[in-house]
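In TrEMBL this protein carries:
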- Glu147, Arg168, Glu205, Gln231: substrate binding site (BINDING)
- Leu206: Na(+) binding site (BINDING)
- 1-23: signal peptide (SIGNAL)
Amino acid sequence: MKLKSTLAASLTALTVAGGAAQAEEFALQSAFPDLGVLGTSVNRFADRTRDVSGGELDFRVYEAGKLAPPLEVLDSVGLGAIDAGWSYAGYWAGKAPAAPLFGSIPFGPDPMKFAAWLYAGGGLEIWRELYEPFNVVPTPCGLLVSEAGGWFNEPIETVEDFQGLNFRIGGLGGKVMEKLGAVPSSLPAGEVYVALETGKLDGTELGYPALDVTTGYQDIVENYYFPGWHQPGGGMELLINKDVWDGMTDGQRATIETVCQSNTAWSLSVGAIQQEEALQKIKDAGVNIRRFPDEVLAALRTATEEVIAEESENDEMFRRAIESYQSFSATYDSYVDLNRIDAPASE
């Protein structure tokens, strides 16, 4: 559903009244439920874009599923059924194997390093090239702190505990867990609680404590694991129909990209200060806060390396994207290593 019936009507038929440009209204649907930063960040983007553009750009936000199913946002934007979407790149692994790399990289970069690769290390250019066949232009527009490892009905004490485990996880993390015997699912976030409650799922990952506590999982699941090996750093994507994007002025596109950069810094900052209080609420609910055993983490890392090698061999864009990240990482890490302080604090 487009709020403007034609591109010309929405982008080029600007009129001047009282010295101000006519507002351009765009339908923007999120793939996420209205929870925590996932909900507030998309609304902040819309509000700030409207403010910075002086009302010229008006993104009207629709909740998940209002205009299109959450896992069909990419196609709906590309076909022009909606103007824009708000989602997570890992959802599109079945359409573009390299897409999950732009949502998170298992055992990969923390949020700062992830953002540096996208903005300054060539990641965004490859990302936009990847989405060209879908007629969609992606822009990083929110950054999340490192996630938890997930919620599990039963303790994970050995690798064998993954066997037959019905677990909600998308992107590369799902392929990694599948190698260890789990049965991954990309169930939309809004459907996970009922699936856990009814036994359809044995566990799930969603986000970090401040987000997870808003779901109520702590009322029905006993074990909450760390670290978030599958998403040590990652973010949200703004998707805009390419015809809409190409029809915008340079100033309009610059406004969107500038607001998204602001949103990235804001979402990471807000997320960083919310975790301890949320974690305490989860503990107070009687949940067991645990770390994966070293044996399990080692197996997950080995499986991750295997998945990345297989995907690189099977998909050219995946290979280009991961090689871009690895090349950037080597340069980035060399400077970080020089500045690492390992000396103990003075007594």
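Just so you know, glycine gets a Cβ as well, placed from its N, Cα and C.
Sequence-ordered, the extra residues of this chain that approach the substrate site, with Cβ no more than 8 Å from the Cβ center of Glu147, Arg168, Glu205, Gln231, are Ala148, Gly149, Gly150, Ile169, Gly170, Gly173, Thr204, Leu206, Gly207, Gly228, His230.
Every protein chain considered, the tally of other Cβ atoms within 10 Å of the Cβ of Glu205 (substrate binding site) stands at 24.
The secondary structure of Glu147 (substrate binding site), as reduced to three states from DSSP, is coil rather than helix or strand. Most other Cβ atoms within 10 A: among the binding-site residues Leu206, Gln231, that distinction falls to Gln231. Site extent for substrate: the farthest pair of Cα atoms among Glu147, Arg168, Glu205, Gln231 sits 14 Å apart. All chains included, 24 other C-beta atoms sit within 10 angstroms of the C-beta of Arg168 (substrate binding site).
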